[in-house]
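S.K.: I grabbed these lines from TrEMBL:
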- 1-17: compositional bias 'Low complexity' (COMPBIAS)
- 1-166: region 'Disordered' (REGION)
- 28-46: compositional bias 'Low complexity' (COMPBIAS)
- 47-60: compositional bias 'Basic residues' (COMPBIAS)
- 74-83: compositional bias 'Low complexity' (COMPBIAS)
- 84-116: compositional bias 'Basic and acidic residues' (COMPBIAS)
- 129-166: compositional bias 'Basic and acidic residues' (COMPBIAS)
- 272-441: domain 'Tr-type G' (DOMAIN)
- 275-423: region 'G-domain' (REGION)
- 281-288, 327-331, 381-384: GTP binding site (BINDING)
């Protein structure tokens, strides 16, 4: 019996390790044994079997010979108590699990005596092979389900990747379509016709055509040209690009845009104007003395002594009218005016000394006048000298086409003496007669037109230009354009030093209000407003830039020198003579290595041999110096150099020559000037001293005041005048300076309009040498 129980126990253990399918177990009930040991063993076996069966959720009934599962539990149990318990469990639904019961819980079963006498319960187990087969099927099914799930997952991933690629493709396509639509819209908005100058930047062309700069750059790349937004292209290239976009290009000459169109005056608006006379001649023939004699002989007593400055142009009143005189020392201004096609003068007075006759500069002045097609009146000066000869001058000038009227020509010859003022009135009458023949007229009721005679940079007033009004009337507050800059007339001063509010035709005035210092010979035009003036100035700046661009389209070794030569850089010119050609070349190469952005070294000529007269003449013509390296000048060359003022520098060591040239180049640069304030002075009283002028009683509030120092006269915080301290006194003594906290008396050079309460700003001018 014990062996049977062990076998049953093994079968039950195998059953517990089977798959999740519920096995069917058949337990047969046998008759009980009277042996107590057997009973005990049977009871232990039953107890073990019950534990295993409960774990596997299998119910074994001790009275039934039929196997059953949980589903059959309520139907196969023949015990009434168990049926009642199962029914009660189903009705109450107190537990979701399986309900188990045993006959041992039955009172009748406990009291049944035959239980002890019943044999051990055998629990034969059905073959479990069928369970394994079912388990394999279930495992295969799970594997198939798992593979199906993995396949579905991979399929879904493939589908998601395909969808993402499709979305990306659609996105790119939409972008390309949008870009294409934008490009079509841009092309549709391209201007059909534009106007450009002879050159234009890529960006400006794109803006005019209503395109992007990248569109123009792409076209240029297609043409084999690499360009950027700010690069400049010519009008031909711009026309080709515009044609590709269906745009017509009109090329406008910048010269026309920068030129001010002068309206013709009506005949009824024209009125007679004074003649403008230019005095020319040899520098030693009394030109300046004659001009001074003309001016002083016609200045009234009221005007005498009122001349405070010299502006190079004067207006003289005579009984028969007015005459404007222009002084052109060196003929520089006149030459520039003629080169620019400006007719600045009506009549030229050619001054010739009766004792010297015709000189080289006389012929030069004569040629200038002829090229300008200006009538000439010859003034034979120094007729008071014993050896004066009018006929000698007439004969000499007749060879140049100036035939006297008495000899059948049309040139007037007037004998004068600047010293005795002989013939001055006759000369003035001849001028008036010539002017009447010319019928000079102008319209005073229009915007002023003039020309700049000379210009300078005043420390206190800024850029100042002497302007000759040729037509119209110049007034305070007028906006003007002069050359490349614009300005507004802030003040005007006539030749007598008087401030004026307007200037009529043929009137020279000093004009304040330039943005920068103008050039002699520049045209001066009054515009309606500042906007119009700036527009013209901008066009002129563009024209200048365009001309520079044309010259610099392609910079090569061949035209690089021409480019540099055209720049506004100061040049230091030399002629090199050495003992041998190798020394001359070595010195020239060493000097050429001197680098500077302010001045450029230029070797006019280099050769071996002594300095000759020819070298001196070349240096004089080219404004150069001569370097003599281990050679000497000839005697005649030395004499000629001293006469012409040509320096000849001798050196025996090349390094000394290089160092000396570097220092000379630095010295030739204009020294920088800087105003340094040194004190402030308050005018507390004013004294008028006869034959001395106006003395300002001053108190030094800060710093100091020095004699000959610069001074700015400030009145109500407005600059009135700039000059220098001409005298300085402390009590009764002349002093050089007065410190802060002391009183003093000071006079200002050429300024007597000092008033009580004025503030004097004292300054010094310091000069600073420039480096290369």
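Here the Cβ of each residue, glycine as well, is placed from N, Cα and C on the backbone.
Automated prediction, rather than curation, is the source of TrEMBL annotations.
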S.K.: State the mean pLDDT for the domain 'Tr-type G' (272-441).
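M.R.: Summing pLDDT over the domain 'Tr-type G' (272-441) and dividing by its length gives 78.
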S.K.: Around the C-beta of residue 383 (GTP binding site), how many further C-beta atoms are within 10 angstroms, looking at every protein chain?
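M.R.: Cβ-Cβ neighbours of residue 383 (GTP binding site) within 10 Å number 21.
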S.K.: Name the residues of the same chain, 6+ apart in sequence, whose Cβ is under 8 Å from the Cβ of residue 287 (GTP binding site)?
M.R.: 279, 280, 281, 327, 351
S.K.: With a 10 Å radius around each C-beta, find which of these binding-site residues (281, 284) has the fewest other C-beta atoms nearby.
M.R.: 284
